[in-house]
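S.K.: Below you will find the structure I want to go over with you.
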Amino acid sequence: MLFLNAKFIDLDLGENAVIVNEEDLKGTSYYPQDRVLIESHAGSVIGNIYSTKTMVNKGEVGMLVSELAEISISEGEEVKLRHAEKPESIPFIKKKMDGQVLNPHEIRTIIDEIVSKKLSNIELSAFVSSTYINGMNMDEISEMTKRIAETGDMIAWEKSLVVDIHSIGGVPGNKYALLSIPILAAAGITVPKTSSRAITSPAGTADVMEVLTNVELKEEEIKRIVKTTNGCLAWGGGVNLAPADDIIINVERPVSIDPQPQLLASVMAKKIATGIKYTVIDIPVGKGVKIKNEAEGAKLARKFIELGESLNIKVECVLTYGGQPLGRAIGPALEAREAIEALQDPKNAPKSLIEKALSLAGILLELGGAAQIGEGQNLAWEILESGKALEKFNQIITEQGGTPKKPEEIELGDYVEEILAPIDGYITDISNTAITNVVKEAGAPRDKKAGILLNSKIGNKVKQGDVLYTIYSGSEERLVSAINLARRVYPVKVEGMLIERISKF
């Protein structure tokens, strides 16, 4: 047992950690990465030991911001460190690593220990990897979904009909929600949209919306905003909705994986937590996204529908074209600009963005009773073209604490590079994977001003020297890295009409 004085450390490691001077560890049974219980007069918290020579003095224990807040410790206060018991879920994680089926108790224990931070990032990574490799059956996924939802707040609504649209993501520039949500809200449909930040893409809906307004809303704020406007566009992590999901996402993000069991549970847990009764799930299909073909998409759709039935949520899925970025803008600020431009002048907006936003909104207008079957997309267009969707979007921005902006008022990165066509020809491919990696290299989504603006799409004719796309970054170093990567992976490919000359010589 160790008695040390707490020292404030302004550091976020994504897990609970205690930093101890190596002199205090000598001659003890404590080693780096050991799990310990930190106790004070106000409570206790579990963390993993990290040793240091200089960060804290002998007799001190460095504690992170989240830990100090969790048990209300004052800096300099004496705390007690002792060995913590191994988490109950460790053998259950090993069981899943061996490809076995987990029972409800085992699944609930794993989720509970994720939320209570009893599992280290290494242990959590093992669980995520095991579900990525070995998968889960529907009973396991349903149990995990319910428990993830139960670990956080649950929002109840006065209205019985509450709807939502959700995309499984993977498509760069997937900003459709900034059009679809205000269209639905303008039609009188209750649509409290909560989104995650980017996992595998350069910008999630929450990242894009954060360029324009506050997305970290509490439950009562969401209720107030939705009561006033019929809709919102918020980050799910700010509301303590399904907190286990956000912890899992933080482990998935560095390796850009989104295991299908976690994907299903993540999406549907948020629907339970936000009181959704009807939801449309967008499943992009194509090269460089999560789902490669229509057969895979249909299989996933059936899983969503089956999971929804077990949770009493009506689910309708749509397979959408995901073979290239949606619209021309990729990256938070650029996507926010393009969304506002589309709301202001939909006739001149990218057709792919308009068509997707209208299609998804149209389905929910029909499910919500605002339009007859087959007429939803027409009503969605009327709302968009009339300016009512823009008006509603600006109202949502204002209610969430922002100020409506013109597209040109949204700042982009100061460091800019235009990438030119090397030859005359046609654009034959735009790689989602390469575009995503280049935009991330430029700094997105953390750097909101970073991104790529495409000048042309697949099938367009270009001449040598034409601008194919422009890279933006808030950092000169990041821009150089993005340019170097782009030169290696060729996000946009141009080919002439003559592919190859073949003769017998």
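From the backbone N, Cα and C atoms, a Cβ is placed for every residue, glycine too.
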S.K.: Pick the one from Gly170, Gly173, Gly308 that Swiss-Prot also lists for the AMP site with Ser196, Arg197, Ala198, Ile199, Thr200, Ser201, Thr205, Ser266, Lys290.
M.R.: Gly170
S.K.: Taking just the CA atoms, what is the gap between Ser201 (AMP binding site) and Asp258 (active site, proton donor) in Å?
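M.R.: A Cα-Cα distance of 11 Å.
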S.K.: Compared by Cα position, which of the binding-site residues Gly170, Arg197, Ile199, Ser266 is the closest one to Asp258 (active site, proton donor)?
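M.R.: Nearest candidate: Ile199.
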S.K.: Give the number of CB atoms, excluding that of Arg197 (AMP binding site) itself, located within 10 Å of its CB.
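M.R.: Around Arg197 (AMP binding site), other Cβ atoms within 10 Å: 22.
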S.K.: So what sits near Gly170 (AMP binding site) in its own chain, CB-to-CB under 8 Å and at least six residues off in sequence?
M.R.: Thr200, Ser201, Pro284, Gly288, Val289, Lys290, Ile291, Gly322, Asn432
S.K.: Taking every protein chain in this structure into account, which of the recorded positions Ile199, Ser201, Asp258 has the most other Cβ atoms within 10 Å of its Cβ?
M.R.: Ser201
S.K.: Within 10 Å of the Cβ of Ser266 (AMP binding site), how many other Cβ atoms can be counted across all chains shown?
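M.R.: Taking all protein chains shown, Ser266 (AMP binding site) has 26 Cβ neighbours within 10 Å.
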